[in-house]
Amino acid sequence: MNRLLPLGAVALLALLAALLAGIAIGETRLSFEVVAQVLANHLWQAGHVLDPIDAGIIWNYRLPRTLVAAACGAGLATCGVILQALLRNPLAEPYLLGLSAGASTGAVAVGLLGLGGTLLSLSGGAFVGALAAFALVLLLARASGSSHNNAQVILAGIAGSQLFNALTAFLITKSATAEQARGIMFWLLGNLSGVRWPSVWLALPVALLGLVVCLWHRRALDAFTFGADSAASLGVPVRRTQLLLISCAALVTAVMVSIVGAIGFVGLVIPHALRLLLGPGHSRLLPASALGGALFLIVADILSRTLISGQVIPVGVVTALIGAPVFALILISRRGRP
Amino acid sequence: MTLLHTIVSAPLACQGLSLRLSGREVLQGIDLAVKAGETLGIVGPNGSGKSTLLKLLAGLRTPSSGSVELLGEPLAKLPRRRVAQLLALVEQQADTQDSISVYDAVALGRTPWLSALAPFSKADRAIVEQALADADASHLAARIWRELSGGERQRVHIARALAQRPQLLLLDEPTNHLDIQHQLSLLHQVQALPVTTLVALHDLNQALTCDRLAVLDKGRLVALGTPEAVLSPERLLSTFGVQAHYLTDPFDGARILRFRAP
């Protein structure tokens, strides 16, 4: 444990540095000094005299965007850890299992059609969509022979994703104006541009809640190492734990998708990289993955704003450019195993 | 001792235990009471329901009818955590792709005794180390699970079960995948443990070393008693479909079974 404390401190410092970099770097390059002064003004009324435009960009635009990127990355990485542990499948991840696609459909249905009236917010619709997609994927995996076969579950996930993406496209074509459609399509690819403070107050608590619930069940997640029967004989109430933690993953995914769209592969890349470093124990893997996911998405967001000058690439495209090769690497490294 | 007393004092017992899966009777009306401290072997041909019976007795499957009692309490009403503190099951093929170390795999056995806020204590560490020693696996502690041989994995599974500090140990064909030396030493170790043990066994000569044997045939309990009484030549012919007779080893006078096709 003593060995890990400095490591955790370094990781926290790295997160802080990434946050500052995320705020400073962008179309308009702002100095770290100005960033620090704006933060000081807002956090403890430091009273620095600053260009109001710079101050506005930093406080109303860059800071919430970077904080949401961090929350999103942390949340999605946590979801990846949960799904991989519970499904005993190294490729399980909210995006690949169709949760993100289902959440998109749910959010679009609520946003465009006003489905659910005032009862359902965008996030609520996304949550229902994510749960529906996951149920469909699991049923499909079971019907296709084995819910334990890694490849089968991922194939079912692809089928589910395709179906829900088609539903989303159908809804957009049927009900959206040309301008709405363009906006939704851009959002679907993962987009942090529209993020303001209210999103921060949704994303941060949900990401933290997800992490705390999972940490509380870290021993149960460990107990799934040798499968569900083994977890049961180690005293884990399997059904209840699966239901709770998978609902938790669906909720976190849904909230993140409703804010920033479907960002893939964070839940795949980060837990895998950290498992190599720290081993499979969840008491380390969960906090490390949350931190790593936050760092990863902040950096991916910076890249999305700077790779092509004057243009913003959807952050989902950046994560996929990194994540898809990692997915391929995992596939190759598991050659010969079931 | 009255019959009622026997049943109540049995650490693990079942009455009328049946399981029907997609129209097929996998187990039918099993009545069984394990005696405290004994090693009870379960034998029977392939598909006779040995593994299923162990799963039902461990509470991993819900019976279609009948009930299981653990230390006099209905198993179905006990929380999973409490069950795992009293009873440990070692299944046949529990595997993982994770790069978990042997020590950590055995430490999982402490799960039923730890809560979300309780750290893994010195006492837990001592229990894990004792369990590794009891299963003759101390030298494996730093190894990675995936790199172990089948026999080493089996001993790690048993160590994990022992780390649960159970009063009852259920083992499903624990000598599978083991070489002959480890088969014998493992059985010997299991029988020397201060716990009540239920063990499904494939090898009938190994089964002869148990205190009592239960014979399953097509999901029914057809015999229960001392090994010599239960494994009679008639029983071996009717249940296992082999001609058999006992030989006496001139080396130590032990009785062994010799089989021939009928």
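For all residues, glycine too, the Cβ spot is worked out from N, Cα and C.
According to TrEMBL, the feature transmembrane segment maps to A:67-87, A:94-113, A:119-141, A:153-172, A:195-216, A:243-270, A:282-300, A:312-332.
Using the rule of three or more Cβ pairs under 8 Å, pairs at least 6 apart in sequence, the transmembrane segment (A:195-216) is in contact with the transmembrane segment (A:282-300). Within the same chain, the transmembrane segment (A:67-87) stays apart from the transmembrane segment (A:119-141): fewer than three Cβ pairs sit under 8 Å, each pair at least 6 residues apart. For the transmembrane segment (A:94-113), the list of distant contacts is 76, 79-80, 83, 120-134, 136-137, 153-154, 156-165, 167-168, 171-172, 175-176, 180, 184, 188, 249-250, 253-254, 257-258, 261-265, 267-268, 327: same-chain residues at least six beyond its ends, Cβ to Cβ under 8 Å. Outside the transmembrane segment (A:312-332) by six or more residues, the chain places 69, 90-91, 96, 186, 189-193, 260-266, 268-269, 272, 296-297, 300-301, 303-305 with a CB less than 8 A from a CB of the stretch.
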